[in-house]
Structure formats: C-alpha cells, structure tokens
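Copied over from Swiss-Prot:
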MOD_RES   2  N-acetylserine
BINDING   85, 110-118, 159, 188-194  GMP binding site
ACT_SITE  114  active site, proton acceptor
C-alpha cells in the first residue's frame, strides 16, 4: 500500500463517527467497554459520552494493548506493514480491577477492522477469560444462558478486503453485535492521535472529505 493511498481522518470525523454509531450500540446495552490500544482508546472515550444515560452509572472502560503492526523501516518512514503474530503488551488484572465478565455485555472497541487478526485475538482471549470466571463460580452458561457473557465489537472503519482471521458468523450477521461506523476501501487510514503535525493532518482530512459530515444545526447541545 503506497503513501498515495493515505487517507487522513480528523478528530471531528472520529467524534461524529462515534455519534452516528451510538444509537445502534445502545441496543447492545454494553455494561463495560474494553478498548484495544492504542487506536481504540479515544473512540471508546468519545463513544461513552454518547452512550451515557441519565441516572445510570457511567460505563467503565478498560484497556488492553496488543502488538501486531511493526515498522519495517527507520523512524519517520511512511511505510507500515501488518505483522503476522499478536502478542500481549497489557491485559486486564481482573482481581485488582474487581471486574467480573460473567453475565455482562462487553463492547470491544478498536479504530479499524483491517486484517481482523487483532480483533480475533482479543475476542478469543476475552471469551476464555469469561469462561474461566464462570467455571470458577460453578456456573454452567448452557444451563443458565442469562449468565453468558455477550461480546460486541465497534470499529470506526471496516476495510473491504480479505481478512486473515475470523469473527463468529453469528456476531458478524448481527447488526446489534458488530458495529462498523463506516465501511471503507482498502486504503491506509491515518488517525489524528498518530500525527506529529495536527494542523497539516487536519487540513489534509478536510481536503479529502474526512472531517465534519453532520451539519451544525443537527447538533444537540
């Protein structure tokens, strides 16, 4: 993928992608959010604002960090390529966080569904963690389906390309479990939190049509 395919995404664009996705995600009724770092952190925080309901406790956000992308050249290079192996850099300490996944609706957030490798790994490992917690409590989720942990996924962009890993078909086919704010061509999407020159980045996003797309008069204060 060449630098000519690079699409700049502004903070405004990210904010509004979360805004337009929130109503659908409310149908999932997430009890907690798990953000995949670093791309999922800011979308998760913005999304939580739009999911907030009066009189209801704020949804907790937890962070995991996985390594998949590796820079193939020197610092400052414009070339980035997908790695082939996922490794944990940071995971949830369930005991310290007093976090119980059993019976919860858990929303996993990342910025992009690219090769799907990272999302597959995160979902698989979190499902294992939930199963272990249920087993430790003596809960059989087959006999008590209300205690099953339900996972959903939200991404800003789903790239239309062959994926290197799978997600469960029942998730992908359920509009209330898999949420992509926008389906996009297979290009290089540069997000604002990766930028070292946000003024240039924002100008490019505006020129490419990747900035504000909801008219101001539709905003709710």
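A Cβ is built for glycine as well, from the same backbone N, Cα and C atoms used for every other residue.
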Rounded to a whole number, how many Å is the Cα of residue 192 (GMP binding site) away from the Cα of the residue listed as 'active site, proton acceptor'? 18
Counting other CB atoms within 10 Å of each candidate's CB, the least crowded of the binding-site residues 115, 118 is 115
Counting every protein chain present, what is the number of Cβ atoms, excluding its own, within 10 Å of the Cβ of residue 192 (GMP binding site)? 17
Cα separation, the residue listed as 'active site, proton acceptor' to residue 189 (GMP binding site) (Å, whole number): 10
Residue 112 (GMP binding site), Cβ-centred 10 Å count of other Cβ atoms over all protein chains shown, is 20
